[in-house]
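Residues or ranges marked as GTP binding site by Swiss-Prot on the basis of sequence analysis: Asn163, Lys164, Ala165, Asp166, Gly217, Gln218, Ser219, Gly220, Val221, Gly222, Lys223, Ser224, Ser225. According to Swiss-Prot, the Zn(2+) binding site annotation covers Cys299, Cys304, His306, Cys312, on the basis of sequence analysis. Swiss-Prot lists 116-275 with the feature domain 'CP-type G'.
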Amino acid sequence: MAKRQLNRRQNWRIEKIQGERAARAAKRESSAVEALEGGDLGPEQTGLVIAHFGVQVEVEAREGETAGQVFRCYLRANLPALVTGDQVVWRAGNQGIGVIVAQLPRSTELCRPDSRGQLKPVAANVDMIVIVFAPMPEPHANLIDRYLVAAEHAGIRPLLLLNKADLIDEQNAPALNALLAVYRQLGYPLLEVSAHHGDGMEQLQALLDGRISVFVGQSGVGKSSLVNSLLPEVETRVGPLSEFSGQGTHTTTTARLFHFPGGGELIDSPGIREFGLGHVSRADVEAGFIEFNDLLGTCRFRDCKHDREPGCALLKALEDGRIQQQRMNSYRSILASLPDNSY
């Protein structure tokens with residue numbers, strides 16, 4: 001069933017209600033923090049944010065007698081938005097509750113704009129973005145390419161992961177093979193696995209060990225099933241595909257960090273069907289298409305838009321087959337979605 005479009009007034013009312021709820025939550029949070037800080041708090045120590053729940057986060061202690069234990073913490077009002085993977089300074093209170101007093105610098109961050117166009121961090125301090133897709137729901141090259149642009153922009157290594165490889169059949173194999181061939185030709189690391197049958201999971205584990213990785217992808221591609229296969233003791237909830245839309249249903253509602261016994265961490269993020277890139281520039285998008293790198297700056301005209309201009313190096317490469325039409329379509333679609341001031 002198609003999603004009903006909201007008019008401007010309905011969107012305004014929704015945003016107003018959400019703003020009022022956020023203000024009430026912030027007031028409760030401020031009161032709770034004041035009460036905690038008015039009592040006995042332990043010394044400052046470092047911690048790792050492993051999950052985020054509204055006005056509270058779960059912090060894993062990294063030092064001292066409580067190292068490895070998890071505490072629910074409030075945030076001081078002057079702190080920036082924290083996400084799973086953030087390293088913080090915090091102080092422990094009573095009954096497993098604490099207060100975060102500072103955020104430590106991030107080595108990397110994966111961001112996307114929210115529904116109001118405000119930049120929202122998704123995960124912090126990750127080494128690898130694992131872009132998960134599957135035969136069902138049908139994979140969209142444009143979404144994969146958006147993740148790749150975000151990865152290149154953030155300086156984070158991407159891994160393309162086709163899950164549910166056991167669902168490949170005569171009907172979907174041609175389109176899937178054509179999709180995979182594009183990324184293999186570009187040199188992106190790509191792995192085919194089946195969390196259900198266990199195929200390829202040892203190779204995936206080897207790639208994840210020793211790294212901080214984040215799973216991203218649309219709902220229904222089996223991210224939670226992958227987590228369950230990699231970490232059987234976790235038992236994350238798995239949801240079916242919607243029988244009406246063929247799209248995935250959300251089972252992960254907040255990004256959560258898990259530890260591997262052999263070293264390394266994994267952040268499982270909620271599934272999304274769109275990934276906005278309104279925070280990047282046209283130049284960032286062009287740099288995110290790695291096959292463009294040797295061609296940029298070689299067009300006849302310095303301000304070439306790579307559309308219909310004569311002497312365009314990208315159009316010539318497209319004509320010669322050095323750039324795939326699917327990738328050019330994604331590039332143009334992403335550019336069309338950027339705000340005017342990104343040009």
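Glycine too: its Cβ is placed from the backbone N, Cα and C atoms.
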Practice task
Could you tell me which three-state DSSP class Lys223 (GTP binding site) falls into?
Solution key: helix
Fill in the blank from the handout: Cβ contacts within 10 Å for Cys312 (Zn(2+) binding site), all chains included, total 20
Completion exercise
Counting across all protein chains, other CB atoms within 10 angstroms of the CB of Lys223 (GTP binding site) number 29
Handout entry: For His306 (Zn(2+) binding site): intrachain residues, at least 6 apart, with Cβ closer than 8 Å
Key = Cys299, Cys312, Leu314, Leu315, Tyr331
Exercise for the section: Report, as a single number, how many Cβ atoms besides its own are within 10 Å of the Cβ of Cys299 (Zn(2+) binding site). Expected result: 19
Fill in the blank from the handout: Cα nearest Cys304 (Zn(2+) binding site) among binding-site residues (Gly217, Val221, Ser225) -> Gly217
Practice task
Enumerate the residues of the same chain, Cys299, Cys304, His306, Cys312 excluded, that satisfy the criterion Cβ within 8 A of the mean position of the Cβ atoms of the recorded Zn(2+) site; list them in sequence order.
Solution key: Arg300, Phe301, Lys305, Asp307, Glu309, Gly311, Ala313, Leu314, Leu315
Practice task
Using all protein chains shown, find which of the binding-site residues Ala165, Val221 scores highest when you count other CB atoms within 10 A of its CB.
Solution key: Val221
Handout entry: Conformational class of Ala165 (GTP binding site) under the three-state DSSP mapping
Key = helix
